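Noted in TrEMBL for the protein shown:
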ACT_SITE  GLU175  active site, proton donor/acceptor
BINDING   HIS21, GLU24, HIS115  Zn(2+) binding site
DOMAIN    12-201  domain 'Succinylglutamate desuccinylase/Aspartoacylase catalytic'
DOMAIN    216-295  domain 'AstE/AspA barrel-sandwich hybrid'
Amino acid sequence: MEGREVVLPTVSRVALCGGTHGNELSGVYLVRERLKRKVEEEEHISVVTVMSNPRAVQQCRRYTETDLNRCFTHATLSGPVTDKTPYEIVRSQELNTLLGPKGSPEAMDLVCDLHNTTANMGLCLIAYSDCDWISLHIYRYLQMSDIPVRFIHFDLPLNEAYSLDSVGKHGFAIEIGPQAHGVVRSNILSTMQEGVQQMLEWVRLFNSGTPFEGGKVDVYTMVKNVDYPRDFETRGITAAIHPQLQDRDFCLLRPNDPVFQTFSGETLKYTGTEPLYPFFINECAYYEKGIALSLWSNAASPSPHMALAHSRAVPDRQETRADTLLRPEGARWTGAR
């Protein structure tokens, strides 16, 4: 794989989305700043900047009725809409019209969705494929900068992929933490801004014909989620993350290592048979989803040499079908120079 070359077309249309969760404020403020400054400097790229969930952003809540970032499966996007349909489902279909349709030739070349986590995860790229060479090469490019970064892989088919970034031909979320929901930390925001600029720089270089060497990259793949211990009758949690595990995202968890400490003081240990990597440890937003932490495997994944298939002009202004037919709340197109 590393020795062969993959030839791909230009990544000329990019969507940068924030506020999918309205209380994850790094993406909210990054998008607000771009919209306010009317950023149009993206050479060789046409960018659409989107505030994904403006109602939730206004209320500084993760969502208003249902989690928008679970609404992008094919089943949800193709479902009927009535006056009783939750706002986020309606919004997901609007965004699919603007940035997709999902799985179609008209979809955005690249969708990048911006998120925060309360877990101590640093900067991560989260994608649905470990064979998306665009995403993997952007990851490699970020690794060459001064930004520590990891690549996380949910192994799901496209029709089951549930998050906004799955609408594009290529896509990933930038997840960064730790940052409490409803606050913005300057160091976290600055790291996200640098990650976005490095991503756009890679796209500019690729579109201008720069080839990229292949090589192996570390990829974390989802194995399972672990719930908190719960009371059999009330279903309330009966333990918290053990102090020896708290904030140790990406540190290898071995059999018999402490995982939980019950409210009565008992230590509960990892009963798995294989060492795995925990992260999203004690994520605030996952209490409602019954997830205390997620466990992942890690392996080196080969990425091939990559080159531009052909040169094609990027329009001076990308006012396309999606812009003329629908400009949902919080969206603005910027054109390439």
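Each residue, glycine too, has its Cβ placed from N, Cα and C.
Positions of the features from TrEMBL, shown on the structure.
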{"residue": "HIS21", "record": "Zn(2+) binding site", "Cβ contacts under 8 Å, 6 or more apart": "ASN53, ALA56, ARG62, TYR63, ASP67, LEU68, ASN69, HIS115, ASN116, HIS181, ALA285"}
{"residue": "GLU24", "record": "Zn(2+) binding site", "Cβ contacts under 8 Å, 6 or more apart": "ARG62, LEU114, HIS115, ASN116, GLN179, HIS181"}
{"residue": "GLU175", "record": "active site, proton donor/acceptor", "Cβ contacts under 8 Å, 6 or more apart": "HIS115, ASN116, THR117, MET121, LEU123, CYS124, LEU125, ILE126, ILE152"}
Across every protein chain in view, the count of C-beta atoms other than its own within 10 A of the C-beta of HIS115 (Zn(2+) binding site) is 25
Remaining residues near the recorded Zn(2+) site, that is with C-beta within 8 Å of the centroid of the site residues HIS21, GLU24, HIS115:
GLY19, THR20, ASN23, GLY27, ARG62, ASN69, LEU114, ASN116, THR117, GLU175, HIS181
